[in-house]
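Asks: In case it helps, TrEMBL gives these features for our protein:
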COMPBIAS  64-85  compositional bias 'Basic and acidic residues'
COMPBIAS  412-425  compositional bias 'Acidic residues'
DOMAIN    109-489  domain 'PUM-HD'
REGION    1-85  region 'Disordered'
REGION    412-440  region 'Disordered'
REPEAT    173-208  repeat 'Pumilio'
REPEAT    209-245  repeat 'Pumilio'
């Protein structure tokens, strides 16, 4: 009897393994599905309610059941296990930071003080108290915590708002550690802040502490920022002291040799009787890593490169120009020496290198054009590069997009003169050995015509000047553009192709001049304004077509209003013109004013 139930159990198990088994025993032993198919066995639920059309609403699948073994949040404040684990993790992290950071607790205290002292609406006395409290807490530990991300920011705020005595104390504590701090990602900001607020004596001490480390710091991405900052703040002697360390190893070892007044590297070599080949090798070893790392934003590097090119042979100069051609040059032309380097690269570079330089300017032309030194590089490109299609595509198109804004920008009034100066070798005192591919082969007039007229720039320029005539005439810088456009450009480059456009431009100026004289003295008429009256007078003398249009549209029959004040100079210009037709236009109407003495005839020379 005992064996019989075992047999049944065995058989029932076998039945379970048989697929599609329909027997009652198999159904009884198998696991019940999560959702029963028999609606009678379901608990009452709103999901079982039938809809109007008789169909049942679908069951809503609920999320996983709560694990009742874990404690949940209750009304009496019992925390769940996740919150406990987060707290434990936070405590462990805090403990690790305390072990890893020597002054972790101090940094936390300083952070709280910093949040209060950097508020804008805090009283000056309250901020001073907080600053003094923070400095007192950091006393003796400033050099250790200056490299911290948090403490460095606190120190910068303290240096900015503390008293000079407190600032002096911070300087003295940091003084032995300047070189190490100058290379730190966070401490570098504190060092530059200290230099910004340092008196002359402290600046001299700091620059003196850099002796022997200038070359190594310039090769460092962070350290180079400190050298550049000190270079910009220093006087001429201090700048020269920093530069001379890049010339020769002897100048790094002996401080007395760098206190000389010679500015040019050639003069230094002659004065100290240094070997040019030795200096060239040393400067190559210093500057090559800087070029390879792309640390080319600093003016001290630009100056060093310019001096290097004064003694470099043709091969060495060509190598430098090749490395600078491209995107690097765009980052350099914002300084005086960087701009000269840019012009050197354009004038002496190959066609391939010039192409790289121009393409590297894509997207930056507007900014370069507004820069005092960068604009000179654009002038050089227009004067030298023969590939006018490339120049039009990259540079002219971007200038056209912001033409109206650029017309009122100061720019560089003597850019052309600077380019000519550099061509003579006086502006950059560059050695004759680097004359590689100077200048372009294309005729200069043809190049200008292609860039200005054929590209469509001149037409848009005339239209923009016509729309902005009054504003440009009143502008200190815009009046120069008005004059150059109105006379047709140098050598009459805009004529005869754009004579019709120029005629409409003259009418636009005349329509502004034809406006009645304002009653209020604050509002000056264009014929009485300081800049515009002189520009119009100059145009009457130099451009007969403009003079005729102005007389017919604005001045004929109205001279009585304008024979006094600044406007009288405009009227008298018709009598002073070298063009007989212009004189005849106004002679009859102006004769009565000459007889009365309101106007005087020009004295024959």
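We count from 1, first residue shown onward.
Just so it is clear, glycine is given a Cβ too, placed from its N, Cα and C backbone atoms.
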Asks: Given a Cβ distance threshold of under 8 angstroms, which distant residues of the chain, six or more beyond its ends, lie next to the repeat 'Pumilio' (173-208)?
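Replies: Distant contacts of the repeat 'Pumilio' (173-208): 139-140, 142-143, 146-149, 152-153, 155-156, 159-160, 167, 217, 220, 222-223, 225-226, 229-230, 233-234, 238, 241-242.
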Asks: By DSSP, how many residues in the repeat 'Pumilio' (209-245) are helix, how many strand, and how many coil?
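Replies: Split by secondary structure, the repeat 'Pumilio' (209-245) comes out as 26 helix, 0 strand, 11 coil.
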Asks: Looking only at the domain 'PUM-HD' (109-489), what is the mean pLDDT?
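Replies: So the average pLDDT across the domain 'PUM-HD' (109-489) works out to 87.
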Asks: Helix, strand, coil: count each for the residues of the repeat 'Pumilio' (173-208), based on DSSP.
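Replies: For the repeat 'Pumilio' (173-208), the helix, strand and coil counts are 29 helix, 0 strand, 7 coil.
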